[in-house]
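See below for the structure under consideration.
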Amino acid sequence: MDLIRCLNFELIACTILISSLFVIDGASPDGLPQTVDLCSPNPCQNRAICRSRRDGYSCFCVPGFQGAHCQIDVNECVSQPCQNGATCVDRVGRFSCLCPPGFTGDTCEVQIDECQSQPCLSGGSCHDYPGGFTCTCPSGFQGHRCEINIDECQEQPCQNGALCIDGVNEYSCDCSHTAFTGTHCETPLPPCHSQPCFNSAICKDDEGNYTCECWPGFEGHQCEIDINECSSNPCMHGGHCIERSWQALYGTEPLLPEHYDQQHAAGYICSCPPGTAGSLCQEVISQCDPSPCQNGGRCESHVGGYVCHCLKQSHDGILYGGVNCDVRLVGCEGHECQNQGSCSPFLLDGTHGYTCSCSAGYTGPLCKTPTTFSFERRGYLLLQSPLMEAEVSCNITLSFKTVLPRAALFQRNSGGLLLSLELEGGQLSLTLRKDGSAEGSEAESPRQVLDLQCNVTDGEWHSVEAVLGNWVLSLKLLDDAGSCGSQSCHKVAPVQRALAELASPPQNTYIGGVLQDSNGPSKESPLPAFIGCMRDVFVDWQLVVPEEWLSDSAVNVSPGCSDRDRCLDVPCQNRGQCVNLWQSYQCWCPRPYEGQDCEEEHVTARFGNEDSHSYAAFTITEDLGHDLSISLFLRTRRPTGLLLVLANSSSQYLLMWLEDGKVMVQLNSLETLKAESAIDDGEVHFVSVEVVEDHMALYIGGQEQGDVEIRTVNVQAGDTVYVGGLMERRTTSVFGGYFKGCIQDLRINDSRLQFFGLDSSVRSYPLEFMENVTAGCSGDNTCSRNPCLNGGMCFSMWDDFSCTCPPSTAGRRCEEVRWCELSPCPTDSECRMLNQGYECYSNATFLNDSTVLSYRGNGPISRNLTNLSLNLRTRKHNAAILHAEKDSAFVTLSVQDGFLFMELQSSTLDNSGEEREEGVSTVSLSSRRSVNDGEWHSVHVFMAAPWAETSQWTLVVDEEIEEATTSRNQGGKLGLSQAGCGHLSGGPGP
């Protein structure tokens with residue numbers, strides 16, 4: 001089918017566009033119809049339409065193409081449609097002509113009339129010819145277009161400085177600014193003839209000159225200057241200042257008179273805007289009284305009107321808008337804000353609408369687009385900023401959360417300048433430095449660091465802003481102020497001079513990666529890559545959206561945030577502390593546990609089971625230097641025993657042993673430490689010795705027992721560690737013999753000394769030999785020796801026993817008989833226990849003076865009498881209580897006139913044991929209060945210095961120390977407890 005289209009009715013040739021229909025045979029060899037769609041895939045080319053038919057398919061070509069498959073591009077220039085030497089340009093389905101100068105039209109068939117636009121100026125006549133024109137100029141003009149006016153003033157015909165005005169083929173002289181007149185301003189004029197004074201000023205001739213008398217409001221030699229009274233902006237609140245000298249406003253400005261009067265042209269008036277009044281518009285008329293704002297809106301008055309600030313929040317959920325806050329806002333009804341985005345309704349030009357305020361991690365008009373992405377293993381996100389000629393500046397804001405204390409958050413570099421934000425010890429650190437690869441080693445390159453002293457690796461979201469601009473470096477934590485505690489959340493510092501000399505700003509930004517050189521993040525970098533989540537990342541105020549990344553700019557970065565705390569499964573056993581490592585976890589195992597989940601316990605080593613001699617030896621396989629740490633769990637009931645020895649081929653330079661149940665440590669046979677508390681109580685104790693430089697300290701259960709300055713110790717590979725004792729029994733006995741008890745989790749520095757190996761692989765020193773050391777911590781059968789006496793029942797404890805004693809026995813082994821429980825004393829007497837027996841105490845009542853008790857010592861008692869105590873009660877004024885004597889020495893205690901009286905006489909002996917007469921001394925004491933009131937009174941008489949040969953004596957009644965009496969004289973000791981001494985109690989008073 002042919003389609004003929006004529007572009008112009010006056011053209012002889014028409015462009016013929018042929019759309020061809022070609023049919024391709026699609027029948028099967030056997031002539032049966034096929035169900036195969038021959039148009040899939042489309043065999044037609046150049047956007048042709050394919051239509052399947054029973055016997056094949058057809059291609060419907062678009063204009064400009066032909067052929068069975070529309071593969072031939074029709075050349076519309078073959079017919080040479082362009083005229084007047086124009087160039088034909090073939091296009092798809094059409095052609096175009098590039099006309100030569102002077103022609104136009106689709107086929108360049110129209111000759112352009114250059115005179116049609118009237119190019120000749122100044123009345124010149126135009127003459128057209130192909131591709132151009134000529135102008136015939138009138139008198140006084142010249143040029144191609146008669147554009148040049150011949151200057152008749154070139155010969156300066158005007159005189160006396162007059163202005164020559166060039167005309168068409170003529171000139172004239174302007175004498176207005178001279179004092180002359182005439183054709184060439186050659187004739188002088190009077191000075192005021194030219195009216196030189198402005199603004200209606202009065203001109204006065206003055207001997208060939210003139211003066212101008214100005215009206216108020218004007219000044220200048222010719223009164224040409226209108227004094228600007230509005231220059232100080234006297235009108236307030238936007239009032240318009242109008243000078244009275246503005247003649248053009250008279251008759252149109254309501255505030256000015258109908259006619260101008262130069263006599264009243266000085267000054268100004270203020271045209272006040274609505275809402276103000278006063279000569280200077282200084283008075284503001286309040287538009288808020290009463291307030292037009294409704295529904296809690298706050299009215300703010302301003303010049304000429306008011307503004308209602310409608311409530312942004314409402315208790316009932318209804319918000320209002322409009323000029324007066326009287327229109328209920330319904331824009332959020334049925335809103336489409338997603339991902340917890342908050343909807344804010346508005347009213348604009350009478351139309352309700354809403355905006356979405358996105359929650360953290362989302363963006364977009366409806367908060368559909370997530371901004372969160374994760375680094376689950378080493379990777380980075382490369383962002384390239386356009387190179388700017390301005391001064392160095394960059395602004396990066398991001399939110400992140402992680403639990404790893406060391407990582408790179410971002411690095412940005414260009415032209416040798418490196419800006420990096422890192423996590424060090426869980427705290428933020430911003431560093432600006434010259435790239436080490438450009439300036440030499442990193443240690444030599446200048447750098448500047450800002451630190452924020454607050455922990456941000458707690459698994460929570462934190463937001464931070466790093467800014468480099470105007471040669472100022474800034475680091476700010478955007479969290480709540482309370483998250484920094486007493487520390488500052490914002491630090492700012494000027495850029496150091498050495499860094500400020502760099503001219504080009506950083507351009508390439510690596511998020512989450514670490515730059516080792518200009519080629520990008522390096523796996524060999526000492527700072528780990530960031531592992532965690534980020535969101536709302538802004539680089540130079542541009543939001544980074546994960547869906548806009550290029551595949552080659554993001555390495556090991558995935559959208560979203562997978563941050564499940566692996567410690568929520570409580571994988572760590574035996575009180576192990578779980579540390580969340582984002583994609584994994586780590587257990588910090590308390591001693592004595594080991595393993596990935598702290599599931600294995602170091603096997604306890606039993607030494608001295610059933611009093612056997614046990615010991616073991618290990619070999620140090622590395623040089624430990626001068627710092628040393630020895631630690632172990634220890635359990636024992638034996639107060640002595642050798643614990644550990646560090647020895648080399650020449651000496652035993654460190655020893656630990658038990659002495660009186662306390663740990664002793666000796667170094668280099670000189671410095672010795674002894675624990676303050678004993679540990680031989682059968683409980684498990686953690687013992688450690690720390691040697692740091694020139695100090696050694698001993699700890700029991702984490703409590704320091706003491707430290708001492710030492711000489712340097714040097715533990716080297718090949719040294720031997722002996723545990724529990726030495727092979728030589730004699731040497732071991734010097735330190736209390738072989739250790740008896742249990743040792744668990746013995747370590748030297750970080751290396752274990754395993755008596756019995758674990759399934760887990762741990763750093764340990766090899767065991768050389770072990771003798772009589774058994775696994776576990778079972779105790780001896782201590783009841784096998786029947787330690788309990790007097791029929792007591794024995795119960796085994798760890799390395800100990802306890803006895804359940806029968807009645808009337810006591811003591812650890814039931815060795816003590818409780819005599820008083822057997823009631824050995826007579827009736828009405830009191831039994832009192834002694835260390836090796838008992839005594840019976842009873843009261844004696846003396847009815848009259850004839851009642852006397854007499855005693856005589858018959859025991860082998862050698863000690864002297866140094867104190868006397870008894871209880872008494874009586875109503876007699878005079879009575880004998882006690883009298884004892886031997887040879888010339890005696891003591892008498894009696895009641896005289898109701899007061900207690902004591903008299904004592906002692907003697908001293910010479911070296912042969914004979915009494916010396918000059919050595920006799922007498923002491924007497926009397927109580928300060930009466931004792932014959934029928935009440936019980938306690939009496940105590942004693943030597944003030946019982947260890948001396950002679951001393952003062954003191955009498956105390958009823959334990960009243962304040963009322964005690966002390967003898968003035970000194971008396972000696974009394975041998976009245978010895979054999980042959982007589983004692984009398986009772987009887988008449990003296």
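Every residue, even glycine, has its Cβ placed from backbone N, Cα and C.
Unlike curated records, TrEMBL annotations are generated automatically.
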Students should find that the region 'Disordered' stretch in TrEMBL, chosen from 910-936, 964-990, is 964-990
Bonded to CYS223 via a disulfide in TrEMBL, from among CYS214, CYS235, is CYS214
If you measure between the CA atoms of CYS367 (disulfide bond) and CYS272 (disulfide bond) and round to the nearest Å, you get 49
Disulfide-bonded residues CYS137, CYS214, CYS814 vs CYS589 (disulfide bond), shortest C-alpha separation belongs to CYS814
Per the Cβ under 8 Å criterion, with at least 6 residues separating them from its ends, the domain 'EGF-like' (284-326) contacts 237-238, 273-277, 344-347
Students should find that the Cα atoms of CYS137 (disulfide bond) and CYS99 (disulfide bond) sit apart, in Å rounded to an integer, by 31
Averaging pLDDT over all residues of the domain 'EGF-like' (111-147) gives 86
For CYS358 (disulfide bond) and CYS805 (disulfide bond), the CA-to-CA distance in whole Å is 81
If one takes Cβ-Cβ under 8 Å and requires six or more residues beyond its ends, the residues near the domain 'EGF-like' (188-224) are 175-181, 243-245, 262-263, 265-267
Sequence-distant residues near the domain 'EGF-like' (111-147) by C-beta distance (under 8 Å, 6 or more away from its ends) are 84, 100-104, 167-170
Between the C-alpha atoms of CYS99 (disulfide bond) and CYS281 (disulfide bond), the distance in angstrom, to the nearest integer, is 69
